Amino acid sequence: VMFGSQLPSASAAAACLLRHGCNYAVWLGFVWFGIESNHSDGSLVARNRYCYKWFCLVSRLCISGYFAYMSVGVIAAMSNPHVAVLSWIRLVGCLICAGVVLVLQFWYGQRILRVVNNFLRLFRRVKALPGCQVWQFGGRRELGLLLFKVLCMLYEFFCELPLLFTKLDAEYIVSVLCDMHITINSSMICHACFVGFLSVGALYAQVNRYVRHELRRQLRALEQPNGQRASRRELKAAGYRLDECLAIYNEIQRVSSAFQELIELPLSLILLFLFLSMTLVSYFVMLNRFRDFSIMLLVVKLFMDLVLLTLAIHGASSSSRVIRRLSLENCYVTERSDWHMRLEIFLNRLNFFEFRVTPLGLFEISNELILVFLSGLVTYLTYILQYGIQSNQI
């Protein structure tokens with residue numbers, strides 16, 4: 001099967017979901033820049049919107065302040081200590097996430113724009129490879145992960161929406177809208193990290209697919225059946241393709257490193273928030289004897305966010321390791337050893353620049369991390385369940 005083994009429609013559908021997701025983030029004020037077509041060549045470029053940026057900053061400050069004032073009064077009136085602790089952690093986590101978004105927009109806005117434009121430029125560069133089919137964003141795997149992410153985002157939006165119609169009071173409606181805005185924007189940090197790592201994995205996968213199929217076919221076409229050497233023009237064209245692939249690998253590595261440096265602290269905070277939320281909400285579900293279906297759905301949603309983020313990171317890491325298995329068999333064997341030398345130098349460099357996601361250097365995000373957390377969570381909840389049964393609380 002050649003380079004187009006996956007349906008291009010899956011790539012187009014994934015790009016469509018990503019485009020609508022970006023518009024949704026702009027509508028929420030999380031993304032202040034616009035993705036527009038360049039008038040010169042029609043390519044997509046991220047452009048700053050200064051007026052909308054300041055509107056997002058001011059509105060976020062006002063909404064966060066009102067949300068904190070409203071939540072403190074509500075929590076102080078709670079009689080259930082377990083619900084109060086859960087509400088305090090939710091309030092502190094949401095306010096920290098709001099502060100992180102404010103800092104990213106105000107202080108790191110230009111760096112974020114550069115990273116986004118570098119990603120867009122990389123996708124254009126991959127599409128411009130000689131003989132490469134036109135792909136928009138990934139394939140079936142990326143489409144599947146994006147569909148699950150869309151379900152999580154729909155749950156975020158609609159889970160509190162029915163509360164707007166329970167009481168016809170202006171102050172109550174404003175408080176619910178502020179709560180929805182703060183909560184959804186807190187989750188947008190996780191969604192942004194997911195999209196970034198998914199983009200890195202899609203870039204690696206597309207170039208790997210091109211090297212494995214199209215480039216190897218082009219290089220093997222240089223082999224002459226009668227033992228004649230390929231012409232200098234053919235060797236020059238093949239050398240250009242090889243150099244361009246190696247340059248793209250190097251650029252992906254540079255852009256992914258810049259992206260990780262930018263979101264290292266927000267990623268650490270959102271992971272801590274997810275772990276704490278899952279633990280406390282699961283404990284609250286057990287206290288209610290599994291009778292609150294909406295809270296159980298919240299646990300599933302939090303777990304899905306964690307799993308999707310981990311799968312996106314695992315896919316990017318796995319795709320980057322595939323490059324190391326690209327040996328000299330992918331190249332046309334000639335007397336020109338400079339081809340092989342260039343490839344070997346690049347493969348050796350990858351041993352020192354392995355794609356790994358380690359927030360603040362504390363731990364590595366991988367599938368094993370999910371298993372360790374789940375085992376600890378099950379053990380903790382088992383002790384709580386045994387204690388609740390013995391004390392007649394559950």
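Glycine too: its Cβ is placed from the backbone N, Cα and C atoms.
Taken straight from TrEMBL:
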{"type": "TRANSMEM", "residues": "12-33", "note": "transmembrane segment"}
{"type": "TRANSMEM", "residues": "54-76", "note": "transmembrane segment"}
{"type": "TRANSMEM", "residues": "88-108", "note": "transmembrane segment"}
{"type": "TRANSMEM", "residues": "143-164", "note": "transmembrane segment"}
{"type": "TRANSMEM", "residues": "184-207", "note": "transmembrane segment"}
{"type": "TRANSMEM", "residues": "262-287", "note": "transmembrane segment"}
{"type": "TRANSMEM", "residues": "293-316", "note": "transmembrane segment"}
{"type": "TRANSMEM", "residues": "369-389", "note": "transmembrane segment"}
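Using the rule of three or more Cβ pairs under 8 Å, pairs at least 6 apart in sequence, the transmembrane segment (184-207) is not in contact with the transmembrane segment (369-389).
Counting residues 6+ beyond its ends, the transmembrane segment (369-389) has Cβ neighbours under 8 Å at 275, 278-279, 282-283, 286-287, 306-307, 310, 363 in the same chain.
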